[in-house]
Every structure is written in structure tokens, then in C-alpha cells.
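Enquirer: Dumping what Swiss-Prot says about this protein:
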type	residues	note
TOPO_DOM	1-9	topological domain 'Cytoplasmic'
TOPO_DOM	31-798	topological domain 'Periplasmic'
REGION	50-218	region 'Transglycosylase'
ACT_SITE	E88	active site, proton donor
REGION	413-699	region 'Transpeptidase'
ACT_SITE	S460	active site, acyl-ester intermediate
REGION	734-798	region 'Disordered'
COMPBIAS	782-798	compositional bias 'Polar residues'
Amino acid sequence: MIKKIITTCMGLNNGLALFGVGLIAIAILVTYPKLPSLDSLQHYKPKLPLTIYSSDGQVIGVYGEQRREFTKIDDFPKILKDAVIAAEDKRFYDHWGVDVWGVARAVIGNVMAGGVQSGASTITQQVAKNFYLSSERSFTRKFNEALLAYKIEQSLSKDKILELYFNQIYLGQRAYGFASAAQTYFNKNVNDLTLAEAAMLAGLPKAPSAYNPIVNPERAKLRQAYILNNMLEEGMITLQQRDQALKEELHYERFVQNIDQSALYVAEMARQELFEKYGEDAYTQGFKVYTTVDTAHQRVATEALRKVLRNFDRGSSYRGAENYIDLSKSDNVEETVSQYLSTLYTVDKMIPAVVLEASRKGVQIQLPSGRKVTLNNHALGFAARAVNNEKMGDDRIRRGSVIRVKGSGDTFTVVQEPLLQGALVSLDAKTGAVRALVGGYDYHSKTFNRATQAMRQPGSTFKPFIYSAALAKGMTASTMINDAPISLPGKGANGKAWNPKNSDGRYAGYITLRQALTASKNMVSIRILMSIGIGYAQQYIQRFGFKPSEIPASLSMALGAGETTPLRIAEGYSVFANGGYKVSAHVIDKIYDSQGRLRAQMQPLVAGENAPQAIDPRNAYIMYKIMQDVVRVGTARGAATLGRSDIAGKTGTTNDNKDAWFVGFNPNVVTAVYIGFDKPRSMGRAGYGGTIAVPVWVEYIGFALKGTSVKPMKAPEGVVTNGGEVYMRERMTTSSDLALDNSGIRPRPTQPARRAVPNENRRRAESNTAPAREESDETPVLPSNTGNNNRQQLDSLF
């Protein structure tokens, strides 16, 4: 009887086993054909960040959520490959995708635990999960994972599978793949890892957070020891190597991408262009973008701008703490402060610090290095009054305040970032390539790019476009214009009269067009615009690249009352510099894919080749010659310190000295400088273009043109010289004889018309207006009438 029972049971077991095998076979037959294609593995394209470079190959920007560096499996060191295999899959080179013995152990453990608590995922199974499956803990998912692992093993070599794993696996700290992890945790190339470091990294795949050596050093050390012991058991290392690795003290160094900080505004401009072209793929396809800027030029431009902004801010009162963090609820103040400071940048040698204690005796701060320093009243300097000053509210210096200090060793002083801002744009005049661009004092504190986004009044820097229109309309550099006061009843604010003036209160009477621009005479600019017509001027000035919205349809145009950007102004002046051609500013030169293949290359419009002719080359040349006088004897005399005879330019200052400009150029380079507060307010007596913008330009262009030969613009065909003045040939005997009074081009009524004597007029104007002083351009409130009708209405007002 007992024998029958045993026989029956054995039969039942065999039957059940066969039944189970049958079910598994059916499941495999049903599921296997539905498994996903392996195209994504066979043509692996990891998510690689967008990297932006300067023209000289320096990294200026990296964008992308995943920090990854694709590396071929043969380029990984053997100690790392051994460590990972010892940790994750000892029989990797022996199984067919699934480790049967490992599965058996895991099944027993899960049955004992009453659910899926652990797996026996091989490296191949992990590849299947990472690329295709979720992290759900279920038997169904594990079954699909096993089938997919088998399919992968049938299609790919072991080394290819290992390569996929080594590059795709997430290892914490935004690091994907072991090459990236080596940089992230040890700031090393993967081939420079020691055995101890390799074993530590090999412990991360199991649980990147739990075994993070920076956050959980003790657990990470236990995991490292486990892996080293496995390596010893597998004969991968010797006992001596294991013991030495266990004793090795590891030094963790957070990876900091070596990004040149001077070109961050340019990098952001390039990023925006890539995003517009490729969308989110811009951040995952590993594009390498080479820009047109040179890092040496960028650094000089940045420092030139910062120096002027710092000097202006010197003497200002302390405006208060930069920020505040609540330390009252922190269990570990030092760690809380360290983590916060790690998110901030040192700007212009101004180091961020957090106040730990604040009293009359002094202020204790913690630096990003973790070092604590006490500042006495002398070190606090102008910030001493802010210590626990309740009147300053949240801006006071107290425990938790974020401040800036400068210094080294034991000597630090409190400093603050300037409130005044500015921008610099330098273009290749012939192609529009941006050679340097600075959008503000510091990108990290304010990402707003004043070079491209700040719509500000250009002031007198806009006048050359109107003067160019006048030349196109028939005037010459020696046309006489009356520099006298003008009053327009009812055209000012609140219906009052508009009484524009020259800022120095001086009026020179009849002077030449050349002299008027050299001395930046507001009254002359207004009369010129009245003569040529507002409508004509609007249409003409669009040739320089300005949008209609940037050109006001009123006489205020003559004083630069419209709003535009420094970049647009620089583009406009490039027309004068290159002989009359319209070129487009651009920052991207070439785009490569992750394999180093050229995907796109800028084909710029080049002056004299394929760029459209915006204005008559003779017009551009005459304007260049006139603006050389602005540098020689006019409002930009500071630029003459360079000692170059090929420089020309124009300054600009708006109402109450709220905006200051200088745009200078030679036939090869155009550079515009803008200075002003983000919330417009007066800069005071120091806020003229000639006094605050010109010094920035001089320091930068002195470097940019160092070693280059002096080559003034050559006169184009059709330009003649008479009496020291330059003319278009056909106008030598016509309009150059005339003078412009209040109503247009005609002989002055007070005396017969005569040919102007340029040298005589120039000397007279210089004596009447010297020393030239920058004009502050009054902005009127005028109706939007345009063209000759407007001029005829104004004729009766004089």
C-alpha cells in the first residue's frame, strides 16, 4: 500500500513537472515573438550632453541632464571590468543570459520571504531592464527579462553587452556609465583608477544612493570589501592587492566641469539656437558646437567691463546680504551650509559665504571650502552698519545671511557685486561673426543678456544712421546746418513746448554736417531729420538691420529715442565699417555629431562677396571719415589713446545720463559698449558715453587689435577730395554749395550761398564747440506724422 502511494505521488510530481514545463514552454512561445526589437542595442546611441566650445577649443558650456561619456569596452581598464563582474555577475562569460544557479538561490529566498525580495539579475538581464523594462518587482517582469536576456545573448557578443552596461548604467550624482562616474567621484580619467577606487565604483550599480561613498561612506566601504573579496576568490587579484586596496584612503573630489566662465552668455545663445533647431534632442545627441568667439578676447572683454562697473560702484553704501538661509532647523549646520555654498559660484574673486554668528564683536562666516573665518569691524568695512541692523529688515547681516568676501589666508573683507550693468559686443565687420560678447557683470547672478535682450535708447550712437540718410538724400559732409535752439509748442510732455537743447548750452551757429556729428549736436540732428523727412529716414535706416519698431516715427528719432540692443547697434555699424554691406551677427560656426561628423557649418554673408549692398560704398566711406573726427577731436577722444589712425566711432548718452554708449570700429572689427542700470536711473556726472563706455572699449580693443597693422579704409571709386573734405564725385558742384537752414536745403537768407571751405569750417567748429562734450539726448513726446507733411508743418514753427 505504501509502495503504491509513493508510486502514485511520484507520478503526480512528474505529471505536475511536465505540466509546469509545458506551461513555461507555451509562455515562451507566446511571449518571445512579442519581445522588443534589439535595434536600440545594435545601434546604441547613448544620451550624450550638448557641449559648446570657443573657436580655440575651450569648453564654454555643457547642457544635458545625463552626465555621460561614451567609452568603448576595450578602453576600460581590466581592474574595473573585473571588479564589476565580481560584484554583479561572476559567471558572465559562461551563461546564456540567465544564471540558473543564481536564479535557484533567489527563488528559494523569495519563497521563504513570501514574495519577490531579491533577484539574480545577470549583467545581460540588467541591460534588458535598463533599456526596455520597468523596475517593477514581479515574476512576470522577471520572466520577460530572462527571455529578453536570452535574445540579447543570441544577437550580441559578450563584450558588446558589457560595453552597453558600462556606458548606460546609472551610478548616482547624475553620472551615467563608469567613465562619467570616475570623473564624478574622483575627478579622474577612468584609466587612472586604482584598484580600491574601481572596487568602490563597482559597488554602485546595486544601489547608487545606498552605496554612494560621499553620502554613505561606511556602507560603501562594506560593499567595496565584499567586491574585493569576490575578486580574490575568483583569482582576479592577490591577497596582497586586496589588503592594500582595503587600507587605501580614498579622496573624493566632486567633479567640476572645466568651463571657461567668461563666455557663458555666448554658450547660452548657442544653446538656444540648437534647441530651436533640434528640440530636446539637442541635449541628448552629443552635439559639439564650435562658436566664433575667442576665449582670450572674452576674458579681456569681461574684465574690461567688470573693472568699470566695479570702479563706479566703489564708494556706494552696503546694500545688504545677497540671500538668507534658515539654519535654526538644521541638525548639521556645517553640512547644510556646505551643500548650499556648493550651488554658488565665486564671481570676480568674490567668494560666497554664510554667516554663522553675528554680533558687535565680529561676524563668523563659513567659506565653500568649509573653513570658518571671523571678520572684525575693519574687515566688515562698509558693511559693519548692517550687522543685526533691524532697520535693514531682511537685508541685514545675521545668522544665515549669504554675503560675499574677497581675500585669502586669514585676511578677508566684505564686498558686493556692482548694481550697475553693461554689455560689450565685438563683431567681425566683414562676416558678422561674434568675436566677443559679454551680457553683464556676471551670468550666474543674472542670466539676462544685455547684449541681445536689453532694449535701451541708443542716444547719439543712432545719429550716424540719420546722417547717412542725409548723405543719400543729397547732403555732403560740408553742408552747413544751423546749430541753434528749437522750440516746438505743444509737442512736449503734458502738452507743453518741447525745447531740446545741447547739454552744454552752447550753440555754434552754422556748422558743417561733419562738425555737427563730431560734436554730437542735437539741434543739427533734428534739423537734418526735418529736412530729409521722418518717413524717408525710417525706410532708409532699416537697411542697417533695424526693425521698424526700433525707429520712432517722430523727431525723437534724431536723438536716438527708439529702443534697440547693443548687438543690433553693432550690426548697424558694421555696414559703415565694411564698405556698405549688410552682414548678420552669428555665434555658431560649426556643429558636429557625437561621432565627429560635421552636421552643419555657417555660411555667412561676406562683405564684398555675397552680402547685400545696404548703402552706397561712398556713403559708408564718408561716414567713416567723419566718425574718425569723433575719435580724433570729438566726444570719443579717449579712444585716440590707442594711437591708431584707422579707428572711428560715436558715443551716446541718453536723458539724465541713464544710458551710456560707445561704438568704435575700423574696417575689420566693430565693437559696441553699453553701460546702464537694469532699472533705468541716472548715473550722474560720470555717466557719459565718453567717460564710462569708452574706457571699456579702449581696454578691449587695445588687446583685440594688438599686433595688427593700421589700415584705414580705402576710398572707393567715385569719391573725390577737395579742400580736405571728401565728396561723392557728382555732388562736388551741387549740394556742397548749399546750407541747411530751418526748413531744408537752400541758401541761407542772411547771405549769398557760397562753397563751403571745409578746413576753415572744421577749425571754426572746433573752436566753437571744443572741448567736445557728450550730448545728453532729450526725448520729446511727438505725434507719429511722417514724411514731407511733417516737415511742412514744422517749417512754420521757426
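These residue numbers are counts, starting from 1, taken along the chain as shown.
Each Cβ is built from the backbone N, Cα and C atoms, and glycine gets one as well.
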Enquirer: Using all protein chains shown, find which of the active-site residues E88, S460 scores highest when you count other CB atoms within 10 A of its CB.
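Expert: Ranked by Cβ atoms within 10 Å, first place goes to S460.
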Enquirer: Please report the distance from the Cα of S460 (active site, acyl-ester intermediate) to the Cα of E88 (active site, proton donor), rounded to the nearest angstrom.
Expert: 71
Enquirer: Mean pLDDT for the topological domain 'Periplasmic' (31-798), rounded to an integer?
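Expert: Averaging the confidence scores along the topological domain 'Periplasmic' (31-798) gives 87.
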